[in-house]
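**Q** Feature list, courtesy of TrEMBL:
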TRANSMEM  12-36  transmembrane segment
TRANSMEM  43-63  transmembrane segment
TRANSMEM  75-95  transmembrane segment
TRANSMEM  102-120  transmembrane segment
TRANSMEM  140-162  transmembrane segment
TRANSMEM  174-193  transmembrane segment
TRANSMEM  199-220  transmembrane segment
TRANSMEM  227-245  transmembrane segment
Amino acid sequence: MSQLLIDIALGAVLGVVGGLFGIGGGLIAIPVLALLFGLDQQLAQGTALVMVVPNVLLSVYKYNQRNRIDWQRAGLLAAAGMLSALAGTALAVSLDARSMRHGFVGFLLVLVLYNLWQLYRRGQPPLTTPSRLGLGVLGLVAGLVGGLFGVGGAVIATPILAGVMGMTQVAAQGMSLAMALPTTGVTLASYAWHGEVDWSVGIPLALGGLLSVSWGVKLAHQLPERLLRLLFCGFLLLCAVPLALR
């Protein structure tokens with residue numbers, strides 16, 4: 001019983017972070033599961049998705065309440081992402097755990113550098129509506145990477161939508177989560193099919209996340225956009241360093 005309560009509490013912490021950054025909590029859950037629970041990289045990714053799927057569902061609802069999501073464009077993102085997520089998952093389960101862990105660390109560091117470049121570059125893109133072609137291409141890339149690393153694709157889509165396609169950070173997070181909902185569902189099903197999910201750990205994490213994710217969403221709408229991006233970069237580094245040293 002005590003372990004169950006610890007898992008639920010951990011899920012609650014991850015839920016706040018997931019709601020704050022619009023990523024469902026999986027990105028931080030993966031290194032936590034690898035370091036604290038001793039799961040290999042693929043099993044950690046699949047188990048984290050058990051928490052991510054319901055967290056993303058609730059986050060989408062909360063974001064849409066505060067900042068209406070463009071469902072037509074989000075649907076285009078999601079359709080493209082679902083097509084490529086299966087390919088990413090198939091690649092992930094074929095690689096050895098050590099290579100996957102190193103690849104995941106590199107992925108996090110690239111995200112940090114990209115977000116910092118977007119934050120400090122001279123001149124920001126004017127606020128605009130992303131093109132359908134751009135969204136389709138982004139959905140394919142985000143779905144592939146999301147399936148490969150078990151992160152749903154929102155972590156890829158959000159900085160591109162905000163830094164390149166001219167959306168505000170909060171609007172980009174909402175649309176990315178709307179895309180991530182079906183793609184994470186497909187990715188979870190694929191990881192489960194390959195036996196890379198520990199349900200006994202994932203379900204308590206999911207319960208804890210559902211209790212707290214709305215707090216993270218509320219906080220995201222209260223923080224200055226620049227601070228939100230800086231916190232996101234710091235959060236990514238916090239995830240990458242322990243895995244790199246493992």
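Using the three backbone atoms N, Cα and C, a Cβ is placed for every residue, glycine included.
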**Q** Go through the chain and flag residues at least 6 beyond the ends of the transmembrane segment (174-193) whose CB is under 8 A from any CB in it; none is fine as an answer.
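**A** For the transmembrane segment (174-193), the nonlocal Cβ contacts are 22-24, 26, 42, 45-46, 49-50, 52-53, 56-57, 59-60, 63-64, 67, 69-71, 73-75, 77-78, 81-82, 85-86, 88-90, 92-93, 139, 142-143, 146-147, 150, 152-155, 157-158, 161, 167.
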**Q** Counting Cβ pairs under 8 Å to the transmembrane segment (75-95), which of 12-36, 102-120, 140-162, 199-220, 227-245 comes out on top?
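**A** Stretch with maximum Cβ contacts: 140-162.
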**Q** Under 8 Å for C-beta pairs, could you tell me which stretch among 43-63, 102-120, 140-162 has the largest tally with the transmembrane segment (199-220)?
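**A** If we count Cβ pairs closer than 8 Å to the transmembrane segment (199-220), 43-63 scores highest.
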**Q** Are there residues at least six beyond either end of the transmembrane segment (102-120) with Cβ under 8 Å to its Cβ atoms? List them, or say none.
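**A** Same-chain residues near the transmembrane segment (102-120) but 6 or more away: 27, 30, 41, 95, 145, 148-149, 155-156, 159, 162-164, 226, 229-230, 232-233, 236-237, 239-240, 243-244.
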**Q** For the transmembrane segment (227-245), give me same-chain residues lying six or more residues beyond its boundaries with a C-beta closer than 8 angstroms to one of its C-beta atoms, as numbers and ranges.
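**A** Distal contacts: 17, 20-21, 27-28, 30-31, 34-35, 101, 104-105, 108-109, 111-112, 115-116, 118-119, 169, 220.
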